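Record features (TrEMBL):
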DOMAIN    44-115  domain 'EamA'
REGION    303-323  region 'Disordered'
TRANSMEM  47-67  transmembrane segment
TRANSMEM  73-92  transmembrane segment
TRANSMEM  99-117  transmembrane segment
TRANSMEM  129-150  transmembrane segment
TRANSMEM  171-195  transmembrane segment
TRANSMEM  201-221  transmembrane segment
TRANSMEM  233-254  transmembrane segment
TRANSMEM  266-289  transmembrane segment
Amino acid sequence: MWESICLTLAATAGNNIGKVLQKKGTIILPPLSLKLKVIRAYAENKPWALGFLMDIFGALLMLRALSLAPVSVVQPVSGCGLAILSVFSHFYLKEVMNVFDWIGITVAGIGTIGVGAGGEEQKASLISVFQLLWLAFVVAILFVLLNAWLHIFKRQRREQELGEYEVVEEIIYGLESGILFGMASVVSKMGFVFVEQGFSAMFIPMCISISICCSGTGFFYQTRGLKHGRAIVVSTCAAVASIVTGVVAGMFALGEKLPTSPSGRLLLLLGWLLIMLGVVLLVTSSRLIRHLPRSFRRSRQSSGERGFSLRRTASHGPKDTNPSAVIQAATLHHLLSTPSKEKD
């Protein structure tokens with residue numbers, strides 16, 4: 001179990017840090033196209049090439065982790081990628097982190113330890129075709145309801161001539177992308193379970209292909225939400241929905257079960273809760289810090305700026321989008337999300 005958790009942490013670190021490096025490399029690069037000159041420019045750019053290799057390596061590690069552990073363990077632990085990304089951004093990109101960022105990282109780390117201590121290895125159970133069809137039906141109905149709800153609010157916004165996004169629209173786009181990211185992990189795990197039950201090895205690439213489609217569609221919904229909505233709302237909903245979907249679908253469709261011992265069950269449930277709480281703290285830290293007393297905020301800001309102001313001034317003027325504000329739900333196929341808004 002600990003081996004799969006370590007693999008998941010390494011995979012999600014590779015995915016998230018790789019995307020940051022790719023993003024940093026594209027600052028001086030032209031828009032990506034199939035022209036040989038453009039492809040050569042991307043390949044010769046060291047930050048982008050290193051980020052791309054780390055992203056691919058993280059995808060392979062995630063596949064290995066899914067082959068060893070239940071998706072109900074791997075998917076929640078992958079949420080700690082946001083904490084790893086925040087630490088990397090702090091030390092590599094010289095971004096100042098507030099007290100809620102550090103609390104979120106600590107809480108997510110404790111939750112990971114709880115998942116590792118409470119989780120236990122499980123034998124692959126028989127996959128019921130009826131359960132798979134029922135799961136697909138539930139997801140389809142859920143998307144129909146969410147899109148119908150979204151259509152109603154869009155029509156009301158047009159009738160009232162409102163220019164800004166409603167919070168309901170941001171929540172819906174976040175939920176839809178998170179559900180698809182979670183389903184991508186479940187489908188990938190499904191391929192390995194089929195092979196363990198004696199089916200053809202072709203189920204693995206077939207399930208991975210379906211997983212790519214789920215992640216690509218989830219990226220589409222997440223990008224639509226981030227284009228006009230607030231990254232904090234979209235990211236929080238996507239993170240929580242991804243973890244909950246992975247856990248529920250893994251138990252319902254793949255027959256994964258809670259630990260048999262009461263202490264293990266408690267540790268696992270507590271670990272899931274702490275990881276989700278840590279992720280929520282990380283993506284809402286800039287809003288939460290505003291509710292602190294002004295004297296405390298000024299003291300924290302002055303102490304942080306004392307160590308980083310010179311380096312930040314020498315590097316670049318306006319601060320780029322904080323990568324920790326955009327969720328990178330750690331499935332093996334997640335794509336780089338577009339910059340949304342600057343973090344206060």
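Positions of Cβ are set from backbone N, Cα and C atoms, glycine also.
All TrEMBL annotations are machine predictions without curation.
Within its own chain, the transmembrane segment (73-92) has Cβ neighbours under 8 Å at 1, 4-5, 8-9, 11-13, 15-17, 20, 62, 65-66, 101, 104-105, 108-109, 111-112, 115-116, 119, 182, 185-186, 189, 239, 242-243, 245-247, 250, 268, 271-272, 275-276, 278-279, 282-283, 322-324, 327-331, counting only residues six or more beyond its boundaries. Stretch with the most C-beta contacts under 8 angstroms to the transmembrane segment (129-150), considering only 99-117, 171-195, 266-289: 171-195. A Cβ distance under 8 Å defines the sequence-distant neighbours of the transmembrane segment (99-117), meaning residues of its chain 6+ beyond its ends; these are 1-2, 5, 9, 73, 76-77, 79-80, 82-83, 86-87, 90, 264, 267-268, 270-282, 284-285, 288-289, 292, 300, 324. Across the range of the domain 'EamA' (44-115), the DSSP-based residue counts are 60 helix, 0 strand, 12 coil. The highest tally of CB pairs under 8 A with the transmembrane segment (233-254), across 171-195, 201-221, 266-289, is held by 171-195.
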